[in-house]
Amino acid sequence: MNDCENFSPSPEFKWLCDELLGKIYETSSKKHLIGKPVTVRYLEIITNFIKLWRSTVGNYIYPALRLIVPFRDRRIYNVKENTLIKALCRYLRLPKSSETENRLLRWKQRAARGVKLSDFCVEEIRKRQKDYEGANRITIDELNGYLDEVSQEGNGKRMGYMALTDSRAFNYCLNHMTFMEMKFFFDIILKTRVLSGLENMFLTAWHPDATDYLSVVSDLDVLSQRLYNPNERLRQTDLSITISHAFEPQLAKRTHLSYERVASKLQHDFIIEEKMDGERLQIHYINYGEQIKYLSRRGVDFSYLYGENSSSGPISPSLKLHFNVKDCILDGEMITYDTEKDIVLPFGLVKSSAMNQIQSELAGIAPTESYKPLFVAFDLVYLNGKSLTNLALERRKDYLTKILTPVERSVEIIQYMKAINAEAIKDSLEQAISMGSEGIVLKHLHSKYFVGSRNTDWIKIKPEYLEQFGENMDLLIIGREQGKKDSFFCGLSISDPNEVAEKPRFISFCTIANGLSNEEFKDIERKTWGKWHIFSEDPPSPNLLGFGTKVPYEWIHPEDSVVLEVKARAIDTKESEKRKYRSGCTLHFGYCKQIRYDKDWKTVASFSEFEDMKDARNFYNKRKSHQVTDGKKRASKRAKIGIVNSSEPTALVAPVSNTFSNCRFRVISDYFDSTKRRRISQEDLCSVILEHGGEIVYTSDENNLPQDNLYIIGEKLTRECKILLNAKNLIIRPSWIFSCIEEGYKTPFTESDIFRGELESSMDCSQFYTDFNTASLNHLLETANRGIKNPDSDLLLPEVPLFLFSNLKLAVLNSENVLDTSILEVEFAIKCHGGELVHIENASIIIVFNDFISREDLFSLRQKIASKAVKESTESTPRIPRMVDISWALDSIKDNYIAETEHYQCL
């Protein structure tokens, strides 16, 4: 028997869950209850499992490894979170758009740290059926077979929930799995981590070279067959790239150094390439084109999209290589090209363009869209059995041009220019911005190719958009408050990091908890592990960090920390916030947009930069309507809303008022508060009601008939709402809830309070009775006087977001093809919504009628902007205005929310 083969039948999947996955999950969720360091406990669980596998199953770990590291498995299920949720609701025979389905679709809003969608799904199933106790257990090999079946049913396309529910394999697994098995089965289907970020620990425990080897082969099966004996170590030559196995490519590093410093870092001998907006792919050309693989950096095979041999697909037939080339690997970018407009389109259309061409070829008709995939090669890393990674970039480029013949609009070689100084960088960046490109990439001409590395041999330079500055800020984590979901204290730099300053190097600015996924929380924890200091025991030096009255439980040195890109709609300068944070103000509704891996503590936002835009984002202080607690401190704990429907109403132990005592509420939709421009979820509405003495019910009687003291709250005409209306129910707007809280009693309904339904004239009005006495009259007069003294607040139109574009500097581009009246209408709408109209040179956002402007005029405008920005910038990150289509302004006004400008770029 081969030493790599297993000598025992495949164990049950439940055994894998019990011995490894379940123990890791339990340990990660109960760290504080473990009497030893959690890392030690993790290692014990993993090593014990590996010993158990080797002694009872064998040395071939691949069947289990595919389930333990699902995101590195090459199977493609194309099952998205929403698809799984809807499929499970259909499996449970729940009505379409049910409350359960809607809650699951919004699971991230209620997810504590470490909680995944699979936990919510299993909880719903647990409420409706018993745990599986049958004798027919699914083995690991059987589960892999069922997953193969699900992958084949997807056939490279995104699987819909109907198809998933009808899948024989999917249904069999659900009917023959315990709740714990289901949890990890769902994680595997969604390709999320099942080992709590401990994959590298597991691989290293299996074999010391496993992690390094996986970075050059990206194939779990190859790894399992090659590294079955931990005592046999790999040679250095084994860790080089090989044909048909994906590897992690070299990446460019972003820097904010001056142009001169960048040129110096590249030893004044480098090339400049355009930065492409596409998907990084490597083409493996095998045996003269008999087989061609298109692999992503993580080993995902997209050959079915672009052509599995030289005669199939939209790209492979255009790979014209020298007749002596038997095998090679091309590193490059797959982009989307519009053949009609002769332009490169945004990244999101890459795969759909390939699928459109494939479907058109199969149907024997012309493509329905004008866009198609285009591969741009920029490196050659393998040729005829030899790795070229140790060769200088100049030689690799030379070989690339000799073996590959470009085919226009299908396969091209990226153009580059040699450079030696900062002036060349400026000129190239100016040209890239003029063309609407992402930026440029600089590469040291004599550098080697470093697999899986991001270093300064390759440097990318991208412009920063003015519109982002003031809404998007790169902030450094300087502290954290631990809880179910960690909140991070973020700070601003207030001094030059290269100088010794008396002031703190960083000061607290805001606390961020929203926007980070569980995986990002774990990634931050991995990067900062062992570097936190307890504030009460070891406070930071005031010359290092400065905090206000609000201090974190733990703090961290800036050089050990992580940078977050934080987005917010306003700046909060209330007196209470001035004391909490050392900066004297904070962000209102701030959330993390992404972790900035390309930045460090030296390149984050500074306090002086923040001061330049602070006044433009303080209008929230002027809007005081719908204040729930009238300035009083709210209860520190809110009612916890269940994640599933409950037949019993939920009650609060200690409400802050009795405004809604003896009243029951059924909340059927979210609420958008137009005065504060924020959305309040169903769960938060329920919490507010509970805090003021009300009860929450999730269902009415089976006929949905009106009931005494039952208030149905909603402002969306959903299917559930229509059913309740047909049963003669009255649907009340959520704004009535806040009106009652402000007044301190249940106010009578007015027409504006009714969303749908008719208010019966004969209804019992005793429920609105209040004891009107002298104190009440004085309160009423005081309220009226306040309104007279401050008439501005009454003049604000609550339904019109007057401050939507507040202090944004906008310009509408004039064009001879656009009527003057159309331009005036747009400018008037911008002014009505608080925008400031300025000249194009001073704008942070330029609004263009994209369908009515010529490409020549657009290029000319970009050229002027680029020239000005590059000349004025001292760092290699010029700030330029964003150019957006007119639909950006119209959609923002329509939705009462500033739309993401990157989705409306002019092409």
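Think of each number as a place in line: the chain as shown, counted from 1.
Cβ atoms are placed via backbone N, Cα and C, with glycine included.
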Site co-member for ATP according to Swiss-Prot, given GLU273, LYS275, ARG280, GLU333, GLU438, LYS443, LYS460, LYS462, out of PHE378, PHE489, PHE506: PHE378
All-chain count of other Cβ atoms within 10 Å of ARG280 (ATP binding site): 13
Within the predicted model, mean pLDDT of the domain 'BRCT 2' (800-906): 80
Pairwise Cα distance for GLU333 (Mg(2+) 1 binding site)/GLU438 (Mg(2+) 2 binding site) [Å, integer]: 13
Recorded positions (LYS275, LYS443, LYS462), the one with most neighbouring Cβ atoms at 10 Å: LYS443
Chain-internal residues near GLU438 (Mg(2+) 2 binding site), provided their CB is under 8 angstroms and they sit 6+ positions away: GLU274, LYS275, MET276, ASP277, ALA432, LYS462
Where ARG280 (ATP binding site) sits in the secondary structure, as DSSP reduces it to three classes: strand
